[in-house]
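Here is the structure we will look at.
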Amino acid sequence: MPAKGRYFLNEGEEGPDQDALYEKYQLTSQHGPLLLTLLLVAATACVALIIIAFSQGDPSRHQAILGMAFLVLAVFAALSVLMYVECLLRRWLRALALLTWACLVALGYVLVFDAWTKAACAWEQVPFFLFIVFVVYTLLPFSMRGAVAVGAVSTASHLLVLGSLMGGFTTPSVRVGLQLLANAVIFLCGNLTGAFHKHQMQDASRDLFTYTVKCIQIRRKLRIEKRQQENLLLSVLPAHISMGMKLAIIERLKEHGDRRCMPDNNFHSLYVKRHQNVSILYADIVGFTQLASDCSPKELVVVLNELFGKFDQIAKANECMRIKILGDCYYCVSGLPVSLPTHARNCVKMGLDMCQAIKQVREATGVDINMRVGIHSGNVLCGVIGLRKWQYDVWSHDVSLANRMEAAGVPGRVHITEATLKHLDKAYEVEDGHGQQRDPYLKEMNIRTYLVIDPRSQQPPPPSQHLPRPKGDAALKMRASVRMTRYLESWGAARPFAHLNHRESVSSGETHVPNGRRPKSVPQRHRRTPDRSMSPKGRSEDDSYDDEMLSAIEGLSSTRPCCSKSDDFYTFGSIFLEKGFEREYRLAPIPRARHDFACASLIFVCILLVHVLLMPRTAALGVSFGLVACVLGLVLGLCFATKFSRCCPARGTLCTISERVETQPLLRLTLAVLTIGSLLTVAIINLPLMPFQVPELPVGNETGLLAASSKTRALCEPLPYYTCSCVLGFIACSVFLRMSLEPKVVLLTVALVAYLVLFNLSPCWQWDCCGQGLGNLTKPNGTTSGTPSCSWKDLKTMTNFYLVLFYITLLTLSRQIDYYCRLDCLWKKKFKKEHEEFETMENVNRLLLENVLPAHVAAHFIGDKLNEDWYHQSYDCVCVMFASVPDFKVFYTECDVNKEGLECLRLLNEIIADFDELLLKPKFSGVEKIKTIGSTYMAAAGLSVASGHENQELERQHAHIGVMVEFSIALMSKLDGINRHSFNSFRLRVGINHGPVIAGVIGARKPQYDIWGNTVNVASRMESTGELGKIQVTEETCTILQGLGYSCECRGLINVKGKGELRTYFVCTDTAKFQGLGLN
């Protein structure tokens, strides 16, 4: 899998950055907007109080109220301005919250004490202090502990003040005690519902923040994955080929999921283009075979990577593109993908630089190696064929001729054809190359060749800047491979997949070293990617991520849809722009929805207690509350039936309905409307049923007057608690946080209209028992006073004020909660969508990487831990196979009919792709494709063993050989099928050998997995010296195959280049299909 970086907010990773980000999130998304909402609502309340004061006549009688109201307005106006200064708001947020609370409490107590001596009542400003308690939890930016503390102080202070004042002016009575107890129940209900509301909001806020961060992280990972994907693909393929292949992979993944199989098309996609006027360079290291035999696995990988890394640097400097590495052979092309008029000069210059580099190595280390270079100019077909292990390659007769030029070249010289010479424009001096004398093909085709004279050879050599050549005892004690490795490490070639190892970006983040050299005092094995904080690119990554997070957090503000246009919501953020998403949101399940019903039931209990304590105990009261209790009991039974079923194993329809409360929106909405409607109704239903028979006042009889006053007061005292009950009914609507805004608005509006109508048309107001009339009745002389009582004790006015105040507060709060819920749903959807895209990118990266490296090798370069060491592995027993289609060289022609060879390559692509499809079969899961070389297919078995298990038992080692034979037979069968459909008569020539090999990854610009060793060379010779339609093996391999039940036919002694005479055998393919039983 692609590297999983340590991102800004990892799970379980805490830090000041995370705390600051969460603080910014809370400030922007909740604390700021909610506090601003409270300030606006409270300011509106102050304005309403000022209007009420002026409407009562002489304002001088209400100086305390007016003074406090104007003072609070001024404070709130200043706070509203400070809300837009983020630095001050963040620093003084808690202080501002305390100041706001203190202003509200002070205003409340001014209302309590204003004209207190005129009429003392236990219900003084209970609704207003209930408002303070509720907003402490819902609108003020306190923590849960802080809110509980402030709410408790608000509650206790009111109870203590009212209790002491009531005892100071009147004789303590049971009636006053019951009223104070009812006040305590009301405040307790406000605190509990407020705490429930805050807990729900904190959970929702934390979830929204988590999903927001995850979504941003996924976006960031997605960008990194895309960059890694591009770099990974570009490390194997040129840009003009990679884009089409990448799109094809993504399309395949979308259509077929994660299945690693291609669609069943009649033809496989061909990514090949024709280019004219290019130069092809082949270079072979003479003497490297002897050097490799002396190298340890790591030394071999280091030497190859440093040499070819140096060649890659030379290629880049000379505008050449490396095509492929074949053992110790390196070939590249100039003029791809963009045509260059200097392509021939580029290749010649590169060839001379390569010879010079090898000369420096030879002089510095004393190792007898040299470079043989062949160049030809012409036309090529370039691209990728097959399905697995993509490698950019070139094909044409001109490519084959360039290969011949290298084979017929002279060590240390650049061998060119006449076609290349014509493109040099006399930039270099040349001499006759006599290539026809060294290669029969050149002689047959009458190709005249030349050797380029290096201009540097005619200049005096500069003072040596390289390591001194070891002499004497030092040379005897140090192996050639060691001298070679130590010297080449000073070149500092980049390691394979260095661009994938950086945990945050595709850049390796390494400090640039001039001339590609690394200081010798810093051993390469200890180099590590610098910390991201030290890298300018890392800092820019941090900055961009911070900006993205801050931008996302700004979008979470509940004031944003009101102030600016949103891409996701209509104005005021109550409806999604996308209709399908709106429906999905409304149908989405709501976890823990049953807890809302439990909280609403608690409010019902509190309303019931208030009525039982203070209201006349009539039959209507019992019936109404009994019916609502039955309704709520049924609702709770439906909601918590699954909880109760744990005690009772029987599960029936009730449990089924209970499980659907959180998942079925219609059922949930029905139950919520029924619950809220019941509470709103039962809070007021008994008011019109109260017996309001006002007694007649006796004239001139003070005792009768006081008795009538007492009876009237007894009738009027429940009225303020009906107001409180109605307010608690309003609050019950707000505990259903995830309920849609529209039903809440409808319920609150209908309830408000009904309450205002019932209160204002109630017969209790005909005596004005709680306003001016009560003040008059309390006069000790029995006469009525002309001075009106304080308007803050006028229940009719204040009831309307409190109901409208709570209506506005709950309406704005519900709108913000609805917006939060929609944001939560929106970010979850975005997270899900982007997570799917991220998984697609991961799968694409995996497929790409597995098309470059075997899966067990890919794990070395990617993962949670950085691994910058060389990858190299030695194996004791690996079976290597070369399978070629020699007839394809004859079949391949370049003419107008086959589009200059393109159609011939299309057939080769079908052959290689069909071969690749066999690798998907479980039977051949142990077979690893290494590469294709023209029409030759190279594979190996036994490379996937885990590290430390290379020396496994012989039986399992030998099983790989049988698998490879079966794979070779399957290749022959596939080729027969292609012959039947294409009307050709291609035959496969296969060579197999087994033995020790060294595997490794070399090349930084184009990392390539390869295997080396005598086993590989002999397997290649087995193929090149074999016969069509047969599998040739060595004598050692034959012995093992016979032990597995295969029949082999002795071919005899044959001459193998570099090995002398070897006895070889042909595997009897007719019987192999039936006798390969030892594999199981």
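Using the three backbone atoms N, Cα and C, a Cβ is placed for every residue, glycine included.
Feature annotation from Swiss-Prot assigns ATP binding site to 284-289, 326-328, Arg372, Lys931, 1010-1012, 1017-1021, Lys1057. Around the Cβ of Arg372 (ATP binding site), the same chain contributes Ala283, Asp284, Val286, Glu406, Gly409, Val410, Pro411, Gly412, Arg413, His415, each under 8 angstroms and 6 or more positions distant in sequence.
The Mg(2+) 1 binding site annotation in Swiss-Prot covers Asp284, Asp328 and rests on sequence analysis. Asp284 (ATP binding site) falls within a strand segment according to DSSP.
According to Swiss-Prot, the feature compositional bias 'Basic residues' maps to 515-529.
Among the features that Swiss-Prot reports, domain 'Guanylate cyclase 1' is placed at 279-406. Along the domain 'Guanylate cyclase 1' (279-406), the predicted structure has mean pLDDT 90.
Per Swiss-Prot, domain 'Guanylate cyclase 2' is recorded for 879-1023, and the stated evidence type is sequence analysis.
As annotated by Swiss-Prot, region 'Disordered' applies to 454-474 (among others).
Look at Swiss-Prot and you will find 504-546 (among others) tagged as region 'Disordered'.
Here Swiss-Prot flags 1-33 (among others) as topological domain 'Cytoplasmic', drawing on sequence analysis.
According to Swiss-Prot, the feature topological domain 'Cytoplasmic' maps to 197-594 (among others).
If you look up Swiss-Prot, you'll see 815-1080 (among others) marked as topological domain 'Cytoplasmic'.
Residues annotated as transmembrane segment in Swiss-Prot, with sequence analysis given as evidence: 34-54 (among others). Long-range contacts of the transmembrane segment (34-54) within the same chain, counting only residues at least 6 positions beyond its ends with a Cβ under 8 Å from a Cβ of the stretch, are 62, 65-66, 69-70, 72-73, 76-77, 79-80, 83, 93, 96-97, 100, 103-104, 107, 111, 135, 138-141, 558-559, 791, 797, 801, 804-805, 808-809, 812-813, 816.
Positions annotated as transmembrane segment by Swiss-Prot: 63-83 (among others). Proximity of distant same-chain residues to the transmembrane segment (63-83), defined by a Cβ-Cβ separation under 8 Å and at least 6 residues beyond the stretch ends, is recorded for 32, 35-36, 39-40, 42-43, 46-47, 49-50, 53, 89, 92, 96, 99-100, 103-104, 106-107, 110-111, 113-114, 792.
Annotation comment: Swiss-Prot describes 95-117 (among others) as transmembrane segment.
Residues or ranges marked as transmembrane segment by Swiss-Prot: 122-142 (among others).
Per Swiss-Prot, the feature transmembrane segment maps to 147-167 (among others); the stated evidence is sequence analysis. With a threshold of 8 Å between CB atoms, the same-chain residues lying at least 6 positions outside the transmembrane segment (147-167) that come near it are 98, 101, 105, 108-109, 112, 116, 120, 122, 124-126, 129, 132-133, 136-137, 140, 176, 180, 183-184, 187-188, 190-191, 194-195, 198.
Per Swiss-Prot, the feature transmembrane segment maps to 176-196 (among others); the stated evidence is sequence analysis.
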Paired segments the transmembrane segment (595-615) and the transmembrane segment (122-142) in contact, 3+ CB pairs under 8 A: no
Annotated stretches the transmembrane segment (176-196) and the transmembrane segment (718-737) touching (3 or more Cβ pairs under 8 Å): yes
Binding-site residues compared (Leu326, Ile1011, Val1018) - the one with the fewest other Cβ atoms within 10 Å: Leu326
Contact yes or no, the transmembrane segment (794-814) and the transmembrane segment (122-142), 3+ Cβ pairs under 8 Å, gap 6+: yes
Coarse DSSP state, helix versus strand versus coil, of Arg1021 (ATP binding site): helix
Where Ile1011 (ATP binding site) sits in the secondary structure, as DSSP reduces it to three classes: strand
Same-chain residues at least 6 beyond the ends of the transmembrane segment (669-688) whose Cβ lies under 8 Å from its Cβ atoms: 596-597, 600-601, 603-604, 607, 611, 615, 618, 620-621, 624-625, 628, 631-632, 635, 638-639, 661, 719, 722, 725-726, 728-730, 732-733, 736, 739-740, 743, 747, 751, 754-755, 758-759, 762
Euclidean distance between Cα atoms of Asp328 (Mg(2+) 1 binding site) and Val1018 (ATP binding site), Å: 15
Those residues of the chain, 6+ apart, with a Cβ under 8 Å from that of Asp328 (Mg(2+) 1 binding site): Asp284, Ile285, Phe288, Thr289, Ala292, Leu304
Tertiary contacts of the transmembrane segment (122-142) (same chain, 6+ residues out, Cβ under 8 Å): 26-27, 30-31, 34-35, 37-38, 93-94, 97, 100-101, 104-105, 107-108, 111-112, 150-151, 154-155, 158, 162, 166, 176, 179-180, 183, 186-187, 190-191, 193-195, 197-198, 201, 717, 720-721, 723-724, 727, 731, 734, 792-793, 798, 802, 805-806, 809, 813
Residue counts (helix, strand, coil, in that order) that DSSP gives for the domain 'Guanylate cyclase 1' (279-406): 60 helix, 38 strand, 30 coil
